[in-house]
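First up is the structure itself, then whatever we jot down about it.
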């Protein structure tokens, strides 16, 4: 368990935030960062204990511990002055005590001053006393009466010895001056003075005036005030006026360091008698220290999918003031997904309140505010920035729900035909998107030979030239996958529409332009203007406007005699025919599409003007709409063969009849074609759904050598005028 905690992160935190120790992450040993100086850390306080906490970050655990710093005898006792002057009245009684300065030793306990000795002499011996602070101080005891007339002055050597091993010692010289007799010793008003001093008191402030009285007169009644056996802290913080006994503040007070001082004072009169008193100075706390924030650990960035109550930061709060001045309140801003939780003593943990979402907010600037309860209130703010790291929790999203791309046929290979684009709300590698073509749902679609995709940017390219007439459109799916772990992906449908290009010229279906014997259209000379001679039938493999065909008479043997309708290709007579018109005519019809640029084809027509012929009447049963609309090639071929045979015989009879009766012209609405040379018969546009007018729902082609002896012509039929019960009539044979 300890190893697990160590791997999760551990640190040592002292109350004064100084890194005296560190924790070995391998074995958990506490190691010194630097050499410790007990005197600097604790001064005269004994025992010297440093309080610290061991913080384990994951999981969050606190352990309180103490470090005891043991003293070693590394300091020698020293006296404040190298020599002392002691004035003693020759009338001093035996056993009188005389105060002398004590030595100071920075060590404590047995390593501190343990004993004093004085050089051998017949007049004095030393007596040791314990002060209120636990230190030993010496006093001279008068063993033999002094006689100023015999000895007016002599010197003694005072030695201070500590209890270390080996012991250390320090010395000072005492000069004793014998004075005339003095009867009364000075006396202070109080044996102990007590005073409260705010720690914010300015320097040179009067702390207290301690006064003593002496009943003697003259020089024996003159008093001199001084400190007696005081610590170094007292001497550097306070001073006493030697004449008035006023105590002044010499250095700033700090309640957080020292809360009280004991000042031993003495009043010495001219006759060397002295009086003693003590001053207890209590330092009053003032709210002069703002709270302190020490950041112990900070985890940033944190994953966006972190569980609630994940520890983001651990910090401690300290206010060196006391009472309400040292009580604190800690807070952060509202509307943040974090909360503060007190953990141990003055430690707080900043934890997540609920899962974070980096895509909503990827950075939080948190201000930790600590306010004390003093008057006036002091506060401290500490700003931290918590970054939210990305987790791959968002799949790529395409910018469109589907894509439709247009590419014109006959494109060059590797043509850029469009792009797909997907975005990922994640960041870093989690947001890097790779595109790919997914297997098509139609197994027969050769997708890999049609298009390719750039995996990095989603650009789509046509791998080969597309042909609209072979493939008008196709669809496929594109996948977008990020680089997260695990990777997330999405897909989108892409439709590619092939746009038609005008790459096909019109193709003439009728009359055939294949180099065979041309068809000749027979037109009676009695035909009225607008008589339907023939109809050019053409198709275009393109679509749209590229397949919109228009017809134009390009050449004619006799201009103005025939015309071609631009929209349906019908060739009609433009005026009445006359005897002067040539019998044979050659027409060249231009068929042009509406593409850009337009493409065209030509059809050559041969027209033969004949003198006229009677119109056979075909029974209506053979011209019923249901029969006319049947698109059976076999049936019409049989009819055509029979008609060709009959037409041959009819032509012979017609030639005789024309000669006999030139003036009698029989109007005929039918048409036939006579070949100039043997050719196979053709049946064109007999269906009601064709491009011919509904008034001419028949076409008969004759072949040479037919054995039939009669033929029939259909009358013009208008389907919407025929009734179901129409009777059928047969044309009488010639």
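Every residue, even glycine, has its Cβ placed from backbone N, Cα and C.
The annotation domain 'Cadherin 1' is assigned in Swiss-Prot to 1-79.
Per Swiss-Prot, domain 'Cadherin 2' is recorded for 80-188, and the stated evidence type is sequence analysis. Within the model, the domain 'Cadherin 2' (80-188) shows a mean pLDDT value of 86, rounded to a whole number.
Under DSSP, residues within the domain 'Cadherin 3' (189-293) fall into helix, strand and coil as 10 helix, 48 strand, 47 coil. Sequence annotations record features per position, and here Swiss-Prot assigns domain 'Cadherin 3' to 189-293 based on sequence analysis.
Positions annotated as domain 'Cadherin 4' by Swiss-Prot: 294-398.
The domain 'Cadherin 5' annotation in Swiss-Prot covers 399-508 and rests on sequence analysis.
What Swiss-Prot records for 515-621 is domain 'Cadherin 6', and it gives sequence analysis as the kind of evidence.
Swiss-Prot lists 115 (among others) with the feature N-linked glycosylation site. Residue 115 (N-linked glycosylation site) carries a strand DSSP state (E or B). Cβ neighbours of residue 115 (N-linked glycosylation site) (same chain, under 8 Å, six or more residues apart in sequence): 128, 136, 160, 161, 163.
Look at Swiss-Prot and you will find 365 (among others) tagged as N-linked glycosylation site. For residue 365 (N-linked glycosylation site), the same-chain residues 6+ apart in sequence whose C-beta sits under 8 angstroms from its C-beta are 383, 384, 385. According to its DSSP assignment, residue 365 (N-linked glycosylation site) is in a strand.
Within 10 Å of the C-beta of residue 383 (N-linked glycosylation site) there are 8 other C-beta atoms, taking all protein chains into account. Residue 383 (N-linked glycosylation site) carries a strand DSSP state (E or B). Feature annotation from Swiss-Prot assigns N-linked glycosylation site to 383 (among others); the stated evidence is sequence analysis.
According to Swiss-Prot, the N-linked glycosylation site annotation covers 514 (among others), on the basis of sequence analysis. A coil conformation is recorded for residue 514 (N-linked glycosylation site) in the three-state DSSP classification, outside any helix or strand.
Positions annotated as transmembrane segment by Swiss-Prot, on the basis of sequence analysis: 638-658.
Across the domain 'Cadherin 5' (399-508), DSSP assigns 8 helix, 49 strand, 53 coil.
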